[in-house]
Amino acid sequence: MLLEAGVEERFMTMVLGVGPILGLIFVPLIGSASDSFRSKYGRRRPFIWPLCMGVLLGLLIIPQTSFLVGLLTNCECRWPQVSLLVIAICLMEFCGQACLTPLEALVSDLFPGEEESRWAFSFHSLMLSLGGCVGYLLTAVDWTPSATVVYLGGQEAFIFIVLTFIFLACLMGTTFICEEPTGDIGVSRKAKSKACFCFCPVLPRLKLLPRTIFSLLNVFPQLYSLCIRMPKVIARLFVAELCSWMALMSLMLFYADFVGERLYGGVPSENPGSLGRIRYDEGVRMASLGLFLQCVTSVMFSLVMERMVLCIGPKKLYLSSVVLLAVCTAVMTVSNSVVLVTIMVAATGFTFCTLQILPYTLTCLYHSNAQVFFPNERDNPHGDHRVVLIKSSEMPSMTRQKRTNGCLSGMSGGTSKTKHLQSNIPASLSRDLNVSVTMDPTPAQPPAIRGVGTDIAILDSAYLLSQVLPSLFMGSLVQLFHSVTIYMASASLLSVVAVYFSRKIVFEKADMEAC
């Protein structure tokens, strides 16, 4: 639609990167804020609903840009329509992708264990793949001969109307899922939440929007603290997922343009009805069929992913998916066969499924075994009681403290936490160093809580960044090499890099020794 509206190829790829760039800024904030947010409607859904409204607004505006511009102005130039189209696309892209973070965190809240989270995220991947199947199938079919389509305003308008109704139906389904209180938020929390079904009114949630925005602004300092001390296991997973998604996104974002121009010899900038435009449209529909088959493959692997993890292991499964992506994109780079290229893109559905499941189940694994995987990230939401060593000769008499089993007890005896900490201080410590040991009852500044929503947001940032970088540079590379083949060549090269970094991921406790 951007190319047909007259946007140049290099600017078209940049427009596709605006939504992910906004996501990079706000998605970590949304994830971290939802970890500490409290309301009677839960932690996650006060963020989900406003973002869904943005998606709905984009769905309504995009196919009606020319009509809306005609209502607002009498200008016959194209820039108002192009500007509104770009704004609506960026809004829908950002809200749709940002909404995935609280949705995935909600899945993690309801199914926190390793096995149940793997099952839950497999189902999550299944639903995403089914959504892709519906979307690509709608665009793969030529609806223009239908009288209903003509009445509604053409192919694009009809497709967006259908998508709007599907989106609203699925959105209403979330009103029947309520979040139960999850107790303390922390890396070592046990599951206290289960899925239950109740009807919760929609309008009261919209009133939470000012509080939600305030929570986002308030989380900046904590988020900065959490990011600069990112655990090694999360950092390694982030880098590997970034490279893997960059390879896959270089394929998926530009596959339609690749097929339309390279395999069908079409020209998107020609007038409607011309031979070059007809060929390009045929190529786009064929590309949609290929991406539809990719989603079908992803659906099939989502159904058996849990069993494959148990039989093969997560490490071999992840590595094999990235190697498969490298092979498929290499074949697509050199092949001119529509059938072979379609088979290759369908096979990458295995990689698509794996990247939707394993990184998030690994994150749940890390948080369920925090003392193993986050050895330096043991959050203490109650504050730290600091141990103070005081030389015996300098200790003032007003403390009136006496030795008890080599340690010191104050005149008030201290709190239960202090007593517990004192009992664990070796008796030889004060003797050998000639010091007295006391507890400073003043709690230190409570550290920022590292919830699972924060780390899921970090992984989602890798997904968003994987769209930003190709979007910024691919258009210029196409103009430099005068060929859209560079799309697949770049995807193949990035897949090889992803294979290297995927070998560094911590998949189990034994891998911690290499960190």
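Cβ atoms here come from the backbone N, Cα and C positions, even for glycine.
If you look up TrEMBL, you'll see 12-34, 46-72, 84-107, 119-138, 158-178, 233-256, 286-305, 317-334, 340-358, 484-502 marked as transmembrane segment.
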Exercise. Does the transmembrane segment (317-334) reach the transmembrane segment (484-502) with at least 3 CB pairs under 8 A, where each pair is 6 or more residues apart?
Worked result: yes
Exercise. Hey, does the transmembrane segment (340-358) touch the transmembrane segment (119-138), meaning at least 3 C-beta pairs closer than 8 angstroms, sequence gap 6 or more?
Worked result: yes
Problem set entry | Positions on the same chain near the transmembrane segment (84-107), where near means CB under 8 A and six or more residues out | 1-2, 5, 7, 15-16, 18-20, 22-23, 26-27, 30-31, 34-35, 42-45, 47-48, 51-55, 57-59, 61-62, 65, 68-69, 117, 120-121, 124, 179, 360, 452-453, 456-457, 460, 463-464
Seminar exercise, completed: With the greatest number of Cβ pairs under 8 Å to the transmembrane segment (286-305), the stretch among 46-72, 158-178, 233-256, 340-358, 484-502 is 340-358
Exercise. So what's near the transmembrane segment (340-358) in sequence-distant terms, Cβ-Cβ under 8 Å and 6+ beyond its ends?
Worked result: 118, 121-122, 124-125, 128-129, 241, 244-245, 248, 251, 255, 259, 263, 286, 289-291, 293-302, 305, 309, 314, 317-318, 321-322, 324-325, 328-329, 331-332
Problem set entry | Tertiary contacts of the transmembrane segment (484-502), as residues 6+ beyond its ends and Cβ separation under 8 Å | 236, 239-240, 243-244, 246-248, 250-251, 254-255, 257-258, 261-262, 318-319, 322-323, 325-326, 329-330, 332-333, 470, 474, 477-478
